[in-house]
Amino acid sequence: TITEFILLGLSADPKVQALFFVLFLGIYLLTIMGNLMMLLVIRTDSHLQTPMYFFLSHLSFVDLCFSSVTVPKLLENLLSKRKVISKEGCLIQAFFVLDIGGTETLLLSAMAYDRYAAICHPLLYGQIMSSQLCVRLVWASWSLSFLDAVINIPLARNLNFCETRTISHYSCELPSLFPLSCSDVTTNVTVLTVSSLLHGFGTFLLIFISYARIASTILSISSTTGRSKTFSTCSSHLATVSFFYGSALLRYLLPTSGSPLELIFSIQYGVVTPLVNPLIYSLKNKEVK
């Protein structure tokens, strides 16, 4: 019975590995600095104590955690000859990828609802987005994602791995583990697909409905300047949603084939998105500047 896996998602060439190490170390340090800076600015500036920035501070914390789940192990493997991870360590990493990634999708849907309330009901915004509702939405985001991970990971823990132990990826994610098992994974694949559909498309539907109402409100504004100004308040959030959702949904809903596209999708939502989110919200936001 296999008790450890080999992570071979990136190049085996030592020179390329050294280049990747410098690249991903730089990305990770910038990610930590950018998200900590956002947390510090939002916490210390009294003008940013609004529901939008309350959600944004939690998004920065989630991005900080998400990047820290996978990138340090990636950096370690790029420097070591034995690129191994124990079965327990692999499942723990997969648990946090599901938990934290799911939390991010729910936070993005909560932020979409916040933009809907601000644009479509500006006079009632303070009543709709009360501090109690914001706290409940954040707690719901963490709780539902934790439940999603708790449902999927114990099922994967019962799988047996007997032959192949090489994962064509830089981190442990459930879609990469299932093809390696010599057990019947039909139940695992079904549960993961159903939970991903409910979690991913459920939150995406909430975002879509919010922005459909926002678009209707924006189109009803007579002046072009007013439309542009109103839309600019949503552009940062739309950019974040586009970066994260497209790659994450494709990664978890498409059949695992070991193609380089799967690696690119994972790098986009697990490494690149936590880096660019603080840049998107700082460069496109006068209040943060």
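Each residue, glycine too, has its Cβ placed from N, Cα and C.
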Per TrEMBL, the range holding transmembrane segment, considering 68-85, 176-193, 194-211, 266-283: 266-283
Within the same chain, the residues 6 or more beyond the ends of the transmembrane segment (91-113) and with Cβ under 8 Å of it are 52, 55-56, 58-59, 62-63, 65-66, 69-70, 73, 85, 134, 137-138, 140-142, 144-146, 148-149, 152-153, 156-157, 171-174, 177, 199-200, 203-204, 206-207, 210-211, 237, 240-241, 244-245, 248, 269-270
